[in-house]
Amino acid sequence: MFYWLTELAGTIPGINVFRYITFRTGGAMVTGALFVFLFGPWIIDHLRLAQGKGQPIRADGPPTHLMTKKGTPTMGGLMILSGLVVSTLLWANLHNPYVWVVLMVTLGFGFVGFYDDYLKVTKQTHAGFSGRLRLAVEGLIALFACLVIIWAGRDSSVMHLGIPFAKDFAINLGWFYLVFGAFIIVGAGNAVNLTDGLDGLAIVPVMIAAASFGMIAYLVGNAVFSEYLQIRYVAGTGELAVLCGAVLGAGLGFLWFNAPPASIFMGDTGSLALGGMIGSIAVAVKHEIVLAVIGGLFVFEALSVIVQVASFKLTGKRIFRMAPIHHHYEQKGWTEPQIVIRFWIIAVMLALAGLSTLKLR
């Protein structure tokens, strides 16, 4: 919305600053943080009142969770999504199709997660939304998003898969790219969802990934920088940095309330939405494989569940004491703050490794 003020650049001194993505990204970050700080307590109070017993705690999980987390409200993702939407509407260029497609994925996945949280809270069960139906809905949202991204790209090379460290090599996936892109988006959403099991564990790596992809989006969307770095230029994607800034701000605000002991949980409302958002940005900026590096922590968490389930079905034995992997370390005696902070450190290192692919070609 503020971007439209640039039309008055000739009449109001200084108004031209709203043209700059970097300025608007900073504005979105501050707005997102302030929104969550101001309205967070009100949202938490209303969710606690509406939910009563709060999020059901796994009986087969670490015993300490039954004592420290019982009664904590969930659906905290509503705080993040509200801050994100308000910030984006204020600071982003709303004529940009990439802004709308990423918002669509974020809110679509957020709605799926909200319904899942609603079923869990009202029925006090972990069953929630049917797994297959949930994946089907997510898949349809992701497929539509990929169609819009292909349309916005306006040339066939948008269906090429870039390879990190290779400046002149890409794999032409053709229309199979639709399926591949949808897999990336759905996979990212559910990987973040699996990571969200300890206070503060998911939100900081999400913010790290958002900051990383905000930088990538800015560089990919800038013809000069993309030529210098020899990465593919995708016109218009620089605007996605504003959304990443909004997530950073809203995430900081949420972390204030989610820091241990958490006053509220993100829930599927937040984890699915934020994962889907990062996945859709990765697809839009043509750095799908780099997502597996920057979001390596999420990949590791998801793989631990896949390996655990496959091993138990095939051999009757479990590889980990408990999955996802963060619960395995809890069972080994690591404290919750140890796990969370160490995983944050891993997320930072992976983000740096992913960003290095921009220069090492």
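Cβ from N, Cα, C; glycine included.
Annotated transmembrane segment per Swiss-Prot: 27-47, 72-92, 94-114, 133-153, 169-189, 200-220, 240-260, 264-284, 289-309, 338-358, in sequence order, evidence recorded as sequence analysis.
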Next on the checklist: Do any residues, 6 or more residues outside the transmembrane segment (264-284), come within under 8 Å Cβ-to-Cβ of it, and if so which ones?
Outcome noted: 44, 47, 55, 69, 72-81, 98, 101-102, 105-110, 112-114, 116-117, 128, 138, 141-142, 145-146, 149, 152, 181, 184-193, 195-196, 202-203, 206, 209-210, 213, 217, 234, 237, 240, 243-244, 247, 254, 257-258, 290-291, 295, 298
Checklist entry - Do the transmembrane segment (338-358) and the transmembrane segment (200-220) share at least 3 Cβ pairs closer than 8 Å, excluding pairs fewer than 6 residues apart in sequence? => result yes
Checklist entry - By Cβ distance under 8 Å, which residues at least 6 away from the ends of the transmembrane segment (240-260) in the same chain are close to it? => result 21-22, 24-37, 40-41, 44, 76, 79-84, 87-88, 91-93, 98-99, 102-103, 198-200, 203-204, 206-207, 210-211, 213-215, 217-218, 221, 266, 270, 274, 277, 281, 284-285, 336-337, 340
Checklist entry - Which stretch, 27-47, 72-92, 169-189, tops the Cβ pairs under 8 Å count with the transmembrane segment (133-153)? => result 169-189
Checklist entry - Apart from its near flanks, which chain residues at least 6 from the ends of the transmembrane segment (169-189) lie with a Cβ under 8 angstroms of it? => result 105, 109, 135, 138-139, 141-143, 145-147, 149-150, 156-163, 232, 271-273, 275-276, 278-280, 282-283, 288, 291, 295, 298, 302
Checklist outcome for this item: Sequence-distant residues near the transmembrane segment (200-220) by C-beta distance (under 8 Å, 6 or more away from its ends) are 21-22, 25, 80, 192, 226, 229, 231-234, 237-241, 243-245, 247-248, 251-252, 254-255, 258-260, 262, 266, 270-271, 274-275, 277-278, 281-282, 284-287, 290-291, 294-295, 297-298, 326, 339-340, 343-344, 347-348, 351, 354-355, 358
